[in-house]
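Below you'll find the structure, written out as structure tokens, and then a few comments.
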Amino acid sequence: METFLGIELSTWWFAIVGAVFTGYAILDGFDLGAGAIHLLFKKEESRRIALNAIGPVWDGNEVWLVIGGGALFAGFPDVYATIFSAFYIPFMLFLVLLILRAISIEFRSKEPMRWWRQMWDVLYSVSSALIGFLLGVVLGNLIIGLPIDSHYEYTGHFLQLLNPYALLTGATTLSLFAMHGSIYLVMKTEKRLYTKLSLMVHDTSRVFVVFYMLLTIVTLVYYPHMANTIKRYPFLIAVPVITVFNTINTRRLLELGKYLAAFFSSALTVALLLITFAMNLYPHIVRSNINPLYSLTVHNAASSSRSLTIMLIIAAIGVPIIAVYTSFVFWTFKGKVKLDENSY
Amino acid sequence: MDLELLSRIQFAFTVAFHYIYPPLSIGLGVVLVGFEGLYLKTKNPQYAQLARFWIKIFALIFGIGVATGIVMEFEFGTNWATYSRFVGDIFGSALAAEGIFAFALESGFLGVLLFGWNKVSPTMHFISALLVTLGSMFSAVWIVVANSWQQTPAGYHLVGHDLAVRAEITDFWAMVFNPSSVDRLLHVWVGAFLAGSFLVLSVHAYYIYKNKYVEISKKAFKVALAVATVSALLQLLLGHHSAKGVAVNQPAKLAAFEGHYDSLAAADMYLVGYVNNKTEQVSGIKIPGGLSFLVDGNFSSPIKGLRYFKPEDRPTAVNFVFQTYHFMVAIGLLLIALTLYASYLLWRKKLFQQKWLMLVFAFAVLLPELANQLGWYSAEVGRQPWVVYGLLRTSDALSKAVKQNEVLFSLILFTVLYVLLFTLFIYMLNKKIKHGLDDFAIVADENPTTKRDNPIMHS
């Protein structure tokens, strides 16, 4: 495998795929989180404001999932093939939920009837919550490892994927998104909804802290391999330590009412948790619990050097451009949400 | 039904449903750029009104296109894992380029297009419309490149053996510019222009027929008719060129297009017909040697027939390929006749008095959509039994970890979901059309416009 700046191309690509999914989790994380708490707003106007706060950006946020899927397919075709066929039913449900969610955002405000709006609101909220939850379930199973045979094929049943640990990672992910989304909303709203949300963020962040502590303990007890990389490179203990301090800081910033800073802080929490996950998984991507030799790693599952080089060039050209215009779009819609005739 | 058949049905169903929308987005985008451009140029508020009305419909179509498109990206891995392992090294870079260069562009600026009227200047709004349209056209580039590579693989070598064999890229540009990609991309783009412009024609023809919004509809109709007429004529040329490419690169598919079996004989061209794959006979009305003439410029040149290929290496659904191909061509010719006739009447200033023609246009929206679908059916079914032509059979490309019941379950799920989605789509589209253009009218603002407060927003 060729190298770039002394690091193997496949490792670079592992980092890129990780970065894209992290971008996805940060961005879609807040709009999924906003969706998950949507039913807690009772007034019609509050719901519309909450929906329009994510209105111009949720579609763009979801693009990161598409890019992530593409990057995984491109960089590690075997991982893409193995995971997607192994998680067949969960991914199919995930897709259906994504579509139902998109439909509910699009259609809820198109008719004035109460039942109509309530129906789409429920669908929107439930699908947002379940999507976050399912993403966490996938992460949990990647931590545990999957029954992968010598042809890199999954040999288990789909109900095995819904094991207690995976349910815990699912719930933790959901609580993380709920915190992240509520902080986003408090940043984008004013008046009564703002007041309500400024109280709600304390609850969502507390719930997250509880799940975060629980998950950390359970992982260290049952899946100590998730600390392997830190054992080998002790200085990396800095990552989880920073995560803890950063979480405390999020809470502090919320107390102070510094919501923009708190939003960046919770985005950092999302990133740090995924970095902790990825660095301890490395060099594995999908761990086989039948035989460690069957595991998919950055070494045996990567595309060819030439392919990775080409895609590195594509990413080097494309990503800065995306960063510039994504910033432009967010800047265009900065500030508090006002409903107008273009709104949902 | 076995796993292969179920997987093929699911993929065909989800991709066919998806493909209702992206061509409309691309084509509608082009017309929108026209409206916004004309508004900037003429300052006539009616063009802004048209843009605002159509952007709402664009958003609806675009949204469903995105949602159903994500399904496609995941389905390669979920249902066609072996295929994904085989093509990943090649397909991946095209897909990555699509996501990074195209999809991010269109989705990013869609927000500005939809919600930005009050936030950006009319010029910036025009640029956003342009970027969204270009983004959707770039999307088509990479998807068509990837699909064309499956039709005519190039710039690769095979690595590994038996089950673990995969294609690895050797030359990126040879992969991108594989023998069929340029022909097919242009064919797809122009097909999309037709789909989008005919949607605009349809709605405004309906308004004119109903004597509503007549003046503004005439403006919109002219813009869309210009796009449609040029596209219809261009498509004849591009379609012909594409078919010549098929003759060189995928002779079995070409033979299936016309139900041609005997390699020593000249190939006929049928106007209508029916292929019996058992007796290897075609009955119908034909131009003797017509296909030979189109491919080779000579009515008596022999053309490689289906019998040249081993039975396991040639498409079995020959009649299906034959019919879909012929219907597509027939619709293409009909569109040329329709747009040319309307353009002629427009030139003679008699177009909008022809109520019957307006009614025809109101329904004609279905024609390019149908032709786009049929074209893909013949291209994809004509490639069988291969998923990657000559390299990987469809029957070998499946996911080994996925069971028949699971695919049946997801197929039912998607069927129910897409029926719901389509019903809602038609319902919303109909509602928007019935609701009309009034809400989008602009009260002229006497004051010079500022960036934060442009006249488009005052409804």
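Every residue, even glycine, has its Cβ placed from backbone N, Cα and C.
These figures come from a predicted structure and were not determined experimentally.
As recorded in TrEMBL:
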TRANSMEM  A:12-41  transmembrane segment
TRANSMEM  A:79-100  transmembrane segment
TRANSMEM  A:121-144  transmembrane segment
TRANSMEM  A:164-186  transmembrane segment
TRANSMEM  A:207-224  transmembrane segment
TRANSMEM  A:230-248  transmembrane segment
TRANSMEM  A:260-282  transmembrane segment
TRANSMEM  A:310-333  transmembrane segment
If one takes Cβ-Cβ under 8 Å and requires six or more residues beyond its ends, the residues near the transmembrane segment (A:121-144) are 25, 29, 31-39, 47, 51, 83, 87, 90, 93-94, 97-98, 100-101, 103-105, 108, 161-163, 165-174, 177-178, 219, 223, 226, 277, 281, 285-287, 289
One stretch in A:12-41, A:79-100, A:230-248, A:260-282, A:310-333 has more Cβ pairs under 8 Å to the transmembrane segment (A:164-186) than the rest, namely A:12-41
Interface check, the transmembrane segment (A:12-41) with the transmembrane segment (A:230-248), three or more C-beta pairs under 8 A: no
Given the transmembrane segment (A:79-100), its same-chain partners at Cβ distance under 8 Å and 6+ residues beyond its ends are 62, 69, 72-73, 123, 127, 130-131, 134-135, 137-138, 141-142, 146, 148, 152-154, 156, 158, 161, 285-286, 296, 301
With the cut-off at Cβ under 8 Å and a gap of six or more residues from its ends, the chain residues touching the transmembrane segment (A:230-248) are 208-209, 212, 216, 265, 268-269, 272-273, 275-276, 279-280
Per the Cβ filter (under 8 Å) with a sequence gap of at least 6 from its ends, the transmembrane segment (A:260-282) is approached by 11, 14, 18, 21-22, 25-26, 29-30, 139, 142-143, 176, 179-180, 183-184, 187, 201, 205, 225-230, 236, 239-240, 242-243, 246-247, 249-250, 253-254, 298
Beyond a gap of at least 6 residues from its ends, the CB atoms lying under 8 Å from the transmembrane segment (A:310-333) belong to 4, 9, 12-13, 16, 56-57, 60, 71, 74-75, 303
